[in-house]
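Data first, discussion second: the structure below is written as structure tokens.
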Ligand code: GDP
């Protein structure tokens, strides 16, 4: 990728897309193309095709998606499967038609089977049943991976797919109905501290284990892979370390400085019991995550308290 080439970052207002834009700008890329969802509805094939005809991007990064935590995924499965299939099919097909030099598609660690061996290797894709709470999203993301692989196989398109683990960081979603666990807990502990509440409710049993990657590390990995990866195989991006939700909750309580109790609500779903990626493939290429979990949460919390996000 040359500094004067045209790079379209789809989904630049989201947590991932905005981190990728920051990373590209830092690396000196000047011709970034961005559109809000109001300006360009990526679910419309006609609109996407017209946009590619007008803009002719050299490179495309697909960070646009309908995303959400365990609550949103279970409540709105129809939107999660439809919106995501439409967005990725339109973008990947247009990238093929307009001969984009390279496309990077962002998947997710939830595409892997619910009960696969840990840590999860890339080859476990489609080796078992999916976790039911996010099956709709996972099926859509698997379709996106297959689109990239088959366009590459049939036409030689340079399309790669990356599988990030659970992400967090600035511009995350802190809406308690739809967010993932890490921003939800930052908000719950912060609100409890502000209002002087004596306890915070954490969903599930606290036993499931998750891996968390700071979104700026993900953005760095995506730029690294745009330069250094051409394979038809998917590639995991993570830290290689996980922890139980219980420990995460305690760490966030400490960082926020909340003195009250943590109460577990076992009527809420736990989701998949463990989700830890095997990151040896990307590590062998020469990339490793930099930001320790505590430091990443501290940065995110500082951003949250200073930003004007309100729900
Ligand atoms: P998942 O990784 O797809 O399961 O998505 P989440 O990040 O939404 O949830 C991860 C785990 O954190 C699950 O076991 C949830 O039950 C648990 N959890 C605990 N408290 C919360 C909360 O307030 N919000 C969310 N979204 N999850 C929570």
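Backbone N, Cα and C define each Cβ position, glycine as well.
All annotation found in TrEMBL is predicted automatically rather than curated by experts.
Listed in TrEMBL for this protein:
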| type | residues | note |
| --- | --- | --- |
| DOMAIN | 7-238 | domain 'NAD-dependent epimerase/dehydratase' |
| BINDING | 11-17, 106-109, 141, 164-167, 180 | NADP(+) binding site |
| SITE | 108 | site 'Important for catalytic activity' |
| SITE | 110 | site 'Important for catalytic activity' |
| ACT_SITE | 137 | active site, proton donor/acceptor |
| BINDING | 188, 203, 210, 270 | substrate binding site |
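Feature annotations (TrEMBL) mapped to structure.
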{"residue": "11", "record": "NADP(+) binding site", "Cβ neighbours (10 Å)": "25"}
{"residue": "14", "record": "NADP(+) binding site", "Cβ neighbours (10 Å)": "20"}
{"residue": "17", "record": "NADP(+) binding site", "Cβ neighbours (10 Å)": "23"}
{"residue": "110", "record": "site 'Important for catalytic activity'", "Cβ neighbours (10 Å)": "23"}
{"residue": "164", "record": "NADP(+) binding site", "Cβ neighbours (10 Å)": "21"}
{"residue": "167", "record": "NADP(+) binding site", "Cβ neighbours (10 Å)": "24"}
{"residue": "188", "record": "substrate binding site", "Cβ neighbours (10 Å)": "24"}
{"residue": "203", "record": "substrate binding site", "Cβ neighbours (10 Å)": "22"}
{"residue": "210", "record": "substrate binding site", "Cβ neighbours (10 Å)": "20"}
{"residue": "270", "record": "substrate binding site", "Cβ neighbours (10 Å)": "15"}
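Largest Cα-Cα distance over the residues recorded as binding substrate, namely 188, 203, 210, 270, equals 19 Å.
Across the domain 'NAD-dependent epimerase/dehydratase' (7-238), the prediction's mean pLDDT works out to 97.
Among the recorded positions 14, 137, 203, 270, the ones whose Cβ sits under 6 Å from an atom of ligand 1 are, in sequence order, 203, 270. Of 11, 17, 108, 110, 167, all annotated as recorded positions, the residue with the shortest Cα distance to residue 270 (substrate binding site) is 110. Taking the C-alpha atom of residue 110 (site 'Important for catalytic activity') as reference, the shortest distance to any of the binding-site residues 14, 164, 203 belongs to 164.
Here the CA atom of residue 14 (NADP(+) binding site) lies 22 Å from the CA atom of residue 188 (substrate binding site). The recorded positions shown are 137, 203, 210; of these, the one with its CA atom nearest the CA of residue 11 (NADP(+) binding site) is 137. Classification of residue 17 (NADP(+) binding site) by DSSP places it within a helix.
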